[in-house]
Amino acid sequence: MLAPRPWRTDRTADGMGDSVSDGVVTGDDTGRGDVPSDEAAAESLARELAVEQAHVDRVHAELRKAGERARLVEIEGMSRGRTDRTGDIRDEEVSGLFARDALVFRAGQRRHDLERQHEGLVFGRLDMEDSHGREVRYVGRLGVRDDDYEPLVIDWRAPAASPFYRATPVDPQSVLRRRVLRSRGETVIGAEDDLMVADAPDDLVVLGEGALMAALGRSRSAHMRDIVATIQADQDEAIRAPARGVTEITGGPGTGKTVVALHRAAYLLYSDRRRFEGGGVLVVGPSAAYTAYIERVLPSLGEDSVALRALGDVVDACTAGRLDPPSAAAVKGSLRIRRVLARAARDTIPGAPDTLRAMVSGRAVRLERRRLDRVRSQVLRRHHRNSSQDAMVLALAADAWTQARRPEDRDVDREEFIATFVDHRDVEAFMHAWWRPVDPREVLLWLADARRARRCSRGVLTEAEADVLAASLQATLDTGTWSVADVALVDDLDARLGEVKEMPVERGFFEIEELDELEAQRSLRVGVPERNAPAHSALTPTRHLTHGDARDVLLRGHVGRPSEYAHVLVDEAQDVFPMQWRMLARRGRWASWTVVGDLAQASWEDLDEAEKAREEAFGSAPRRAFHMATNYRNAKEVFAYAEKVVREHVPDADIPAAVRETGVDPVDVTVPADSLDATVRTHVAELADEVDGSIAIIAPARWAASMADLVAAAEDIAPGLGARLVLVDPLSSKGLEYDATVVLDPDEIVAESPGGVRVLYVVLTRAAHRMHVLRPED
Ligand SMILES: Nc1ncnc2c1ncn2[C@@H]1O[C@H](COP(=O)(O)OP(=O)(O)OP(=O)(O)O)[C@@H](O)[C@H]1O
């Protein structure tokens, strides 16, 4: 909540305000005494900033001293391990080296942290008063103490910093004034104050128009910023909630769910570093565009040990960015596919022999398909496929013995037969072709064969669905790229098949040069020139590889065991498919969870099954829920437009309140389709004039190619626009934001997306300041 402010001064000492495009809402002007002249205000601001600068200088001086100390410890540690002696190292030397490594590691890490933290290191100040008197606390990205161990800055995550975020005029928590400092390098350039009490002491000057509004009015770049200086009280509660169990954060578009969840990850690492840094924190988002967008937030908070993964990038050696057509994605995402995969995992290798023939101990052995199938089922009842080879050959030997034995045989003859069978060259060759260990990716690709897909799907999927599945895997083979939905299926198969101890030689063993060659061949065959590809796109690429090349590319590397994490944070959780929940559950079996989402932004219709799979992933872990109700992203005018659209179709949508006005309504125009390009150019040029930061054209597949050309020629529209203008497809715009958007063909966006209006709602809530909606008419 914003405090009433008695009077305002310029916001920055150098006269450089935030790059607010237009009528940002300013703080309440409820007066307290006379409004001072501009000159007096400027003087007062300069005085205040000088005081803050003196403190910031002190902190940086202390940091430099601490940095030097850490460097000396590091050097000292390194020299401890040095020895002139050659030959074996004694035990005490080994433990000495170990201690040295630990010391050097910690000292090096500390120094690295210190060196990295200069930009806006000190960003907050609290003036507090209680029965013991007045106290000033500074809050920053890192805790710093002076030589007497007195705190110069408190880490934002420490309990002592909590009033900075929790104090409100209703519950001031002893805070009189909260000040947010803005710095460039080590120089303080501005300050914004919130008063928490109606009758502030006279010596407390109040600056600026409120830190939150100033932050919200700033222009957007290609990367999300941290909000450490302006976290609001309700957000702070979610950030500092205990780690245990499942923390759910819900709320409409732009309510800060993502940014809050990321600050929560940083807080958890701070509050229990041993557990979370040791056990690992996994952050999962919908797309690579999303992970690229948020990747700087945690490092800016001093945390870089978190694993950021897109849903298509959770499984090692199986990375995907391509989206399946909705019908295939629905088949692959549903839990029904598990029975299909279970059958595929037991199925024979394509082209494998269906009879085993050998002369063993002078006896002719011939095991035909039915017998082989029976033995296979018996063994698979007790073993994972990839660890069943020894058991399988023994079971075949026992079966062959029942066929080959003679009435006069004794026990010793059986033993000799079995031993000979197991080591027999023909049997070995048969086993290699019939029952070698298989890679989960290879098994999934078997289902590109429509006959096999139908056979494995009988009674589970309709024939039409089996054909859709086969066709989608054929597309995987044709393009040499996995789809995002494939990844969870590979993970499921991996769990079923068990670990491959050693991959057989013929399953994709590549020399580096061969891989380079494949890459080169692949880029030669790319249908659409790369420069024209949308910047953030999940659209199917038009790649055509020869069958063998593509298979080799797809099977590159090794699908290892899933890594497990101490905390799993899932963003845009409403779009996680049931099979994907199972994939995440394998990584979070012992984890606590933070789960973020908004049902009104769901891209898919059948949400019940996903809900079930999600509940299974969480098990009986305790839950706690936080709801965010303020839209910090969209200007009121932009959000009012989006709200109208979604309310008509999703009456129970969770609608937040937008807090910032621009006074400019979105533009909504119908355009002749044959002059669409020229019209888009005009609108983009207009927006480029009006906002300083990022602009996105969000277009359905139908217009993707022509818009890609337009974006590639952005510099012709306005100088410098090349770095600011991107093309995004509707699904990939999820979680992202821009200063301005051109939303192209909203009806087509609804028609092409399985989530229909919900996806359009996502698209209409990406713009912070300006939005132009263009409707082409044939
Ligand atoms: N306390 C805050 N101070 C400054 N900016 C904030 C604050 N809270 C949220 N924001 C800003 O609001 C914008 C939206 O935040 P975020 O992307 O986390 O919202 P979201 O709820 O995840 O949105 P969506 O569901 O639409 O993806 C971001 O630019 C974020 O930095």
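Backbone N, Cα and C atoms are what each Cβ position is placed from, and that goes for glycine too.
What TrEMBL lists as region 'Disordered' is 1-40.
Residues annotated as compositional bias 'Low complexity' in TrEMBL: 14-28.
Residues or ranges marked as domain 'UvrD-like helicase ATP-binding' in TrEMBL: 230-635.
In the shown protein chains, 25 other C-beta atoms lie within 10 A of the C-beta of Thr255 (ATP binding site). Classification of Thr255 (ATP binding site) by DSSP places it in coil, neither helical nor stranded. Look at TrEMBL and you will find Gly251, Gly252, Pro253, Gly254, Thr255, Gly256, Lys257, Thr258 tagged as ATP binding site.
When the binding-site residues Gly252, Lys257, Thr258 are checked against ligand 1, Lys257, Thr258 have a Cβ within less than 6 Å of one of its atoms. Other residues of the same chain near the ATP site, with their Cβ within 8 Å of the Cβ centroid of Gly251, Gly252, Pro253, Gly254, Thr255, Gly256, Lys257, Thr258, are Asp598, Met628, Asn631, Tyr632, Arg633, Pro656. Residues within less than 8 Å, Cβ to Cβ, of Gly251 (ATP binding site) and separated from it by at least 6 positions along the same chain comprise Lys257, Asp598, His627, Met628, Ala629, Asp654, Pro656.
Around Gly256 (ATP binding site), the same-chain residues at least 6 positions away in sequence with a Cβ under 8 Å from its Cβ are Ile227, Gln232, Gln235, Met628, Thr630, Tyr632.
On its own chain, Gly252 (ATP binding site) has Asp598, Ala600, Met628, Ala629, Asn631, Ala653, Asp654, Ile655, Pro656 as residues at least 6 apart in sequence with a Cβ closer than 8 Å to its own Cβ. Its Cβ taken as reference, Thr258 (ATP binding site) is surrounded by 24 other Cβ atoms within 10 Å in the chains shown.
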